[in-house]
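Notes follow once the structure below has been shown.
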Amino acid sequence: MPSAFQFQCHFVLIFLAASKGETRYLEVRDASEDEPFLLLSEDLKRELSAGQIYRRSLRCIDMLSIEGQFTFTADQPQLHCATFFIGESQELITIDYDFVNIDCQGGDFLKVFDGWILKGEKFPSSLDHPLPTSQRYVDFCESGNIQRSIRSSQNVAMIFFCIHQPGNGFTVTVKKNTNLFPCNVISQTPSGRFTMVIPHQHRNCSFSIIYPVVIKISDLILGHLNGLFLKASCAGVGDFVELLGGTGLDPSKMFPLADLCHSFHGSAQMKIGCDNTVLRMVSSGKHINRVTFEYHQLDLQETENRKENSIEEFCLSSI
């Protein structure tokens, strides 16, 4: 049986409640297969010409992967709603408020979060995001006309809202912008290939794959000693790559599987049976660091056929 986390992140219904604490994050309350998130198909993307604007209504719980104009109008009190936005790995997301009719004094709210939150876990984690958590929220009821356009720092963002009065609502326009150096990414697919580059920047970047996968690193340049060394920890090394696995969204709460501390050209492969797999690069800013990897979803047959260059499998009990 898939875990609750897989139901959440594979775009099935999530009932979300806004926390009353100062952190103001969302928590997952339940999950069901009856009302899936909407991920728009590639066919629809191709059908939309450059001059067209895609428009549709939002559900209380929704997911979008395409540009367009989206409207939510409450037909009854809607107290625990959220929309998740995701782009390609090299895209940033801009959310523009076109029209807002909510009662802030009556307890309504409309907030944008720079990243995703599921069950209190954030992506990117607080360790990897350039802003403190409090600044990753933009509350319309506090900012009003001051900030009507918000751009994400990575390929995912979300809005969450509470509307008490039927007939009230809002309209937003979602646009995509190119990110020349993608840092924190959630993969839209269970397979792919990606090159992460951090050019002389002191930052940490995570690539999250919400599936059990086989991940193969084919090229790693860290700006210092060569040679492939797989270690339990790269403590004391300023630039390294780590592989993480777990059942939640936040990389800082995941289990470290292996560290790669030195540059190499070749192949390092790992089978990771966790609900979520993360490749995370830690960069001191002294070098141009780069890693190229490919991945595909792990199946049961592959767990029985180890390859000589495979590292020990992890989390296989979760499949």
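Just so it is clear, glycine is given a Cβ too, placed from its N, Cα and C backbone atoms.
A TrEMBL annotation is a machine prediction, not a hand-curated record.
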With reference to TrEMBL, specify which of the listed residues CYS60, CYS141 is paired with CYS104 by a disulfide. CYS141
CYS261 - recorded disulfide partner, TrEMBL, among CYS234, CYS315: CYS234
CYS315: disulphide-linked cysteine among CYS205, CYS274 [source: TrEMBL]: CYS274
Please report how many Å separate the Cα atom of CYS183 (disulfide bond) from that of CYS141 (disulfide bond), as a whole number. 30
Need one number: mean pLDDT over the domain 'Corticotropin-releasing factor binding protein N-terminal' (52-177). 93
CYS141 (disulfide bond) CB neighbourhood, other CB atoms within 10 A: 15
Let me make sure I understand the structure: which of the disulfide-bonded residues listed (CYS104, CYS183, CYS274) has the fewest other Cβ atoms within 10 A of its Cβ? CYS104
Taking helix as H, G and I and strand as E and B in DSSP, count the residues of the domain 'Corticotropin-releasing factor binding protein N-terminal' (52-177) in helix, strand and coil. 11 helix, 67 strand, 48 coil
Report, in whole Å, the straight Cα-to-Cα distance of CYS104 (disulfide bond) from CYS60 (disulfide bond). 18
